[in-house]
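Take a look at the structure set out below.
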Amino acid sequence: MIMSQLLNYVAVLFFCVSRASSLDTFIAAVYEHAVILPNATLVPVSPEEALAVMNRNLDLLEGAVTSASKQGAHIIVTPEDGIYGFNFTRESIYPYLEDIPDPQVNWIPCNNPDRFGHTPVQQRLSCLAKDNSIYIVANIGDKKSCNASDPQCPPDGRYQYNTDVVFDSKGKLVARYHKQNLFLNEDQFNAPKEPEVVTFNTTFGKFGIFTCFDILFHDPAVTLVRDSHVDTILFPTAWMNVLPHLSAIEFHSAWAMGMRVNFLASNLHYPLKKMTGSGIYAPDSPRAFHYDMKTEEGKLLLAQLDSHPHPTPVVNWTSYASGVEAHSVGNQEFTGIIFFDEFTFLELKEIGGNYTVCQRDLCCHLSYKMSEKRSDEVYALGAFDGLHTVEGSYYLQICTLLKCKTTDLHTCGDSVETASTRFEMFSLSGTFGTQYVFPEVLLSEIQLAPGEFQVSSDGRLFSLKPTSGPVLTVTLFGRLYEKDSAPNTLSDLTTQALRVMFIVILIVYSLYW
């Protein structure tokens, strides 16, 4: 009896101590870093030259870390490619790589820098975390030797990985993630043989991590939230903005809302390549965000988040839309291209009304009222249901209200950054075949609209009040992961042509700038 009471007392005491040591909220920081690039060369530089470039970037990152720590931040996220830049070949990036061990080795590089060979970058990051008592998330390159016994071993005898690392507030390496979904121009890296689902626990929640292009795919992004039940996603990225639906702050804030998690996105700041847009996003609304195409300066953001975000209602994304009768509009429909995908559009001809547009299995319904119907601006309702196949292969269902670039309907879907038309109200829904839908609202000058819209449990994205600024787009961006390998609706020749065109665009960007 006495032993039973003692055990009960110990259990209660343990529970109280654990509750006392955990935090209900925390201060998050992300740093949009104006990266210093190495000189362009196809010939590998010396390790000393590579380290000199990385230390120049680390000097800037150190200033952000120190500032964030002084302002009470518990964790800071820095960008993909933030320490050595981009535009490498497989050979030229090699001097920038270090061997990054599995975090299970229980290692504090600041205390024992030579335990795993020459690791000056890991040592410096570890010491930064330890000296400032803050978790640091950084992106560096990992190298792993292999030999002929491994049939997948590259010809040069090594794997090279785009890698995120996390050091805790004592400088200990607590997480290592190898990027799974490499972008078109990342030939310098290998993808891991299997997607890595990387999490770690803190006194202020459970965290997961992935990188940039990973966000558009199921693994590991969705798996981290659905199966690992993380509270917060850490997201280093080098994101090139693509309007109207894939600008950084627009899509990243939508992903946080759609997946109902905190999301810490740190982007490179390199306007010449359309790289900007970082943010601290809660499931219900952005807490802080930054978009700046005009200056060359980095930006530190801080905001308070709930350690364990309050559950939001599960959304049935087709419930409302499936009950709306779709009226035939005959030849009023027209087609337009958004990021190489052919949408079906309807022009919004009145100051307000109800419109429906369909493509394949997707019907999009819009109710709206503009503040005024301007003669110099055209808006359209668009639908896309198909496999996107340009810089990757992924199946989309998208309903979108957007401003056309000019009054010519052929420009509907083109990139637009400014508008003049405000909306008194809007309500957008669609007959989606997926539970993974990401709600976007983007205003003129690439601004978000926190607190101005909501998603209902029956799948409507609707305004809570008149928009604070002119509208660029209101969008429901759906992903059907299970159909990513579906037969392409375009011919193989057309698909290949689009891929080549996109690669040429990337090359022109790289050469010109």
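Every residue, even glycine, has its Cβ placed from backbone N, Cα and C.
Copied over from TrEMBL, here are the features:
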ACT_SITE  E80  active site, proton acceptor
ACT_SITE  K179  active site, proton donor
ACT_SITE  C212  active site, nucleophile
DOMAIN    31-307  domain 'CN hydrolase'
SIGNAL    1-22  signal peptide
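Features per TrEMBL, on structure.
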residue: E80; record: active site, proton acceptor; CB count, 10 Å: 27
residue: K179; record: active site, proton donor; CB count, 10 Å: 26
residue: C212; record: active site, nucleophile; CB count, 10 Å: 26
Query raised in the report: Using Cα coordinates, what distance in whole Å links K179 (active site, proton donor) and E80 (active site, proton acceptor)?
Result: 10
Report task. Could you tell me the mean pLDDT over the domain 'CN hydrolase' (31-307), as a whole number? Result -> 97
Report summary line: Rounded Cα distance, in Å, between the residue listed as 'active site, proton acceptor' and the residue listed as 'active site, nucleophile' is 8
